[in-house]
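Student: My structure is below; once you've seen it, I'll send some questions.
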Amino acid sequence: MDTELVEMLKQTGAVKFGDFTLSSGRKSTYYVDKYIFETNPVCLSVIGDRIAKLIPAGTRRLAGIEIGSIPLAAVASVKSGMPFVVVRKATKGYGTNKLIEGVWQKGEKVFVVEDVVTTARGALGAIHTLREAGLAVDEMVCVVDREEGGRESLEQEGVKVRSLVKSSELLGYKP
């Protein structure tokens, strides 16, 4: 368990308790507010360091998923020197009209960066987009794994999931 990061997420107020509806539609008694840890420079820097250390050998690009994991991919890119791309959920209808923004080449190995994994619907959509474009994705990282089936869904798609923190660690840790 990464005690420093668990404490940081709690101390910044990123872990909230109450009645919440998650993006999946599920109800929960706790919420991990990614915008709290993504907008705190100290927390973001620590997360970037952690992600940079997990980048698998042979990786050519990181991938951030619109909108939530873009700051995470950006800081990990800065910390590691590894370029990144942005994966959109849908084309904008103007400009370049791309689903994958940034520079990349078919066949490159990509390490997907995600904020919070619950059902993994967003991560799976991004992985399918990357694979359809000819990029190789077999590993990803998330800051928090809520341990609600997302990891298993990703593994069924052949994607190894690394998490910086698991919900059981967040909820069970007492300093």
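Cβ coordinates come from backbone N, Cα and C, glycine included.
Since the structure is predicted, the reported quantities are computational estimates derived from the model, not experimental observations.
Per Swiss-Prot, 5-phospho-alpha-D-ribose 1-diphosphate binding site is recorded for Arg88, Lys89, Lys92, Glu114, Asp115, Val116, Val117, Thr118, Thr119, Ala120, Arg121, Gly122. Residues or ranges marked as orotate binding site in Swiss-Prot: Thr118, Arg146.
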Student: What's the most sparsely packed of the binding-site residues Arg88, Lys92, counting other C-beta atoms within 10 A?
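Tutor: Sparsest of the binding-site residues Arg88, Lys92 by Cβ contacts within 10 Å: Lys92.
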Student: How many other Cβ atoms are found within 10 Å of the Cβ atom of Thr118 (orotate binding site), counting all protein chains shown?
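Tutor: Looking across every protein chain shown, the total is 22.
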Student: How big is the Cα-to-Cα gap, in Å, between Thr118 (orotate binding site) and Arg88 (5-phospho-alpha-D-ribose 1-diphosphate binding site)?
Tutor: 19
Student: Among all chains shown, work out which of the binding-site residues Arg121, Arg146 has the most CB atoms within 10 A of its CB.
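Tutor: Compared across Arg121, Arg146, the most Cβ atoms within 10 Å surround Arg146.
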Student: Work out how many Å separate Arg146 (orotate binding site) and Arg121 (5-phospho-alpha-D-ribose 1-diphosphate binding site) at their Cα atoms, rounded off.
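Tutor: Rounded to a whole number, the Cα-Cα distance is 13 Å.
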Student: Using a 10 Å radius around each Cβ and counting other Cβ atoms from all shown chains, which of the binding-site residues Asp115, Val117, Thr119 yields the largest count?
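Tutor: Selected residue: Val117.
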Student: When you look at Arg88, Lys89, Lys92, Glu114, Asp115, Val116, Val117, Thr118, Thr119, Ala120, Arg121, Gly122, which the record names as binding 5-phospho-alpha-D-ribose 1-diphosphate, what is the longest CA to CA distance in angstrom?
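Tutor: Taking every pair among Arg88, Lys89, Lys92, Glu114, Asp115, Val116, Val117, Thr118, Thr119, Ala120, Arg121, Gly122, the longest Cα gap is 26 Å.
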Student: Sort Thr119 (5-phospho-alpha-D-ribose 1-diphosphate binding site) into helix, strand or coil using the DSSP assignment.
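Tutor: It is coil.
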